[in-house]
Amino acid sequence: MPYQHIQLPADGQAITVQADQTLKVPDRPIIPFIEGDGVGRDVTPVMLKVVDAAVARAYGERRSIRWMEVFAGEKAARLYGADTWLPDETLQAVREHVVSIKGPLTTPVGGGIRSLNVALRQALDLYVCLRPVRYYQGVPSPLREPEKTNMTVFRENSEDIYAGIEFEARSDKAQQLIGFLRDQMGERKIRFPETSAIGIKPVSIEGSQRLMRKAIQYAIDHNKPSVTLVHKGNIMKFTEGGFRDWAYEVAAKEFGGELLDDGPWMRVKNPATGKSIIIKDVIADAFLQQVLMRPAEYSVIATLNLNGDYISEAVAAQVGGIGIAPGANLNEQVAMFEVTHGTAPKYAGKDYVNPGSSILSAEMMLRHMGWTEAADIIVRSLEAAILSKKVTYDFARLMEGATQVSCSGFGQVMIEAMAELD
Ligand SMILES: NC(=O)C1=CN([C@@H]2O[C@H](COP(=O)(O)OP(=O)(O)OC[C@H]3O[C@@H](n4cnc5c(N)ncnc54)[C@H](OP(=O)(O)O)[C@@H]3O)[C@@H](O)[C@H]2O)C=CC1
Ligand SMILES: O=C(O)CCC(=O)C(=O)O
Ligand SMILES: [Mg+2]
């Protein structure tokens, strides 16, 4: 079906998923991208340029990406009409082309539209939010030994309080629901029933277990020592506590997990290496203290949606912050790579912020496509740029002797560094 506003590149081909779930990637893959609101218009063009340069450096003329702009957020509303924030053809293009990348999209606090980021993840059922957090040499950090922070956050991406089921205080629906809870369920714990807004936190066995399956598989594939479940199951027993119990169940039933001492911690054998992977859990508040004080004890983290939002940003702050923290939204069919930061409106259009989050999200994308040589070039040129101390404001303000460069300037430093790589 032809698109209305999306321009399909003439000489590109879609990436496809094969029967064994591996990707078939042509040499001229069409990759849809959403520029994003706010600083999206600063970082996304820089990311495109850096990726093109890395692909050219790695493969010469043999391979190149055919970028295809698709629309969401403010740009979509301008193109398709005032209330069309997430056009159907954007979802269609992202589904049909399998691999895509997006910049940040605005979500107003309080009233107005609900999160388009969450809407995209839900509409495509991208149930894994994967956010690796690692240290790059030279990055300013508040820690004495930042290299000990090396974690991969698996955040459940489709349910929890983040599903957006909530009812405004004093609305008919909130009153109906409170009445139902009080009269039909005998619930007496709502402190101010007349003026309470109500939010619903759905957490399912399926949702929890499919996330945990991916987290353990990742630990196996990447030779990681542990998977830690982070939850607040002491207080939210059936949602967060359920998540913990159902996740342990996956470890035991599907990966042969054996209890350590009396449990519930377990040991899963990595079939590839023969080594043990420890499956453990920790309560979220204790975790946030421990990742600062003993980061080396944590490797793969599996957690619910809201916890994962907080945790991924807190842990990223230990090694440079969200300016360089990448992410991906995944399921078996579709992979949408995504910056972890937002639209940072005060910096929008100023060519100022760090494009690293967008560039490293693209690096994850190239690796996902099997274009590892280009991905490696991105990592090495990013490291070289940081070591040269030509960095954006967020790093420059914490580094001694740094030269501050613009968003596009940093991309340029990376591209120049690529020419120097052997
Ligand atoms: N995935 C997405 O699309 C996301 C969208 N959002 C949305 O973005 C909007 C703004 O959210 P807000 O809470 O202000 O969070 P933001 O992430 O947009 O900005 C918060 C702060 O983070 C720092 N920061 C953000 N991006 C960069 C960058 N590229 N380089 C360096 N520093 C950066 C800045 O800190 P400082 O000023 O200290 O330098 C900035 O003020 C909201 O509408 C929110 O809903 C939020 C998160 C994710
Ligand atoms: O969708 C939003 O506006 C914020 C989402 C967010 O902070 C995240 O997913 O990390
Ligand atoms: Mg966030």
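The backbone N, Cα and C atoms fix where each Cβ goes, glycine too.
Whatever TrEMBL says is automated annotation, not expert-curated.
Some features that TrEMBL has for this protein:
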type: BINDING; residues: SER115, ASN117, ARG121, ARG131, ARG155; note: D-threo-isocitrate binding site
type: BINDING; residues: ASP309; note: Mg(2+) binding site
type: DOMAIN; residues: 30-414; note: domain 'Isopropylmalate dehydrogenase-like'
type: MOD_RES; residues: LYS102; note: N6-succinyllysine
type: SITE; residues: TYR162; note: site 'Critical for catalysis'
type: SITE; residues: LYS232; note: site 'Critical for catalysis'
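What TrEMBL annotates, mapped onto the structure for a quick look.
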residue	record	Cβ neighbours (10 Å)
LYS102	N6-succinyllysine	27
SER115	D-threo-isocitrate binding site	15
ASN117	D-threo-isocitrate binding site	22
ARG121	D-threo-isocitrate binding site	23
ARG131	D-threo-isocitrate binding site	26
ARG155	D-threo-isocitrate binding site	28
TYR162	site 'Critical for catalysis'	24
LYS232	site 'Critical for catalysis'	20
ASP309	Mg(2+) binding site	19
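Not one of the recorded positions SER115, ARG131, TYR162, LYS232 has a CB under 6 Å from ligand 3. Across the residues of the domain 'Isopropylmalate dehydrogenase-like' (30-414), the predicted structure has a mean pLDDT of 97.
Only ASP309, of the recorded positions LYS102, TYR162, LYS232, ASP309, have a C-alpha within 10 angstroms of the C-alpha of ARG155 (D-threo-isocitrate binding site).
DSSP assigns SER115 (D-threo-isocitrate binding site) to coil in the three-state reduction, outside any helix or strand. Largest Cα-Cα distance over the residues recorded as binding D-threo-isocitrate, namely SER115, ASN117, ARG121, ARG131, ARG155, equals 19 Å. Not one of the recorded positions LYS102, ARG121, ARG155, ASP309 has a CB under 6 Å from ligand 1.
In this structure, the recorded positions that sit close to ligand 2, with a C-beta under 6 angstroms from any of its atoms, are SER115, ASN117, ASP309, chosen from LYS102, SER115, ASN117, ARG121, LYS232, ASP309. When secondary structure is read from DSSP and collapsed to three states, ARG155 (D-threo-isocitrate binding site) falls in the strand class. The residue listed as 'N6-succinyllysine' falls within a strand segment according to DSSP.
ASP309 (Mg(2+) binding site) sits 12 Å from ASN117 (D-threo-isocitrate binding site), taking the C-alpha atoms as the reference points.
ARG131 (D-threo-isocitrate binding site) sits 20 Å from LYS232 (site 'Critical for catalysis'), counting Cα to Cα. Reported as a whole number, the C-alpha separation between SER115 (D-threo-isocitrate binding site) and LYS102 (N6-succinyllysine) equals 14 Å. Distance noted between the C-alpha atoms of LYS102 (N6-succinyllysine) and TYR162 (site 'Critical for catalysis') is 20 Å.
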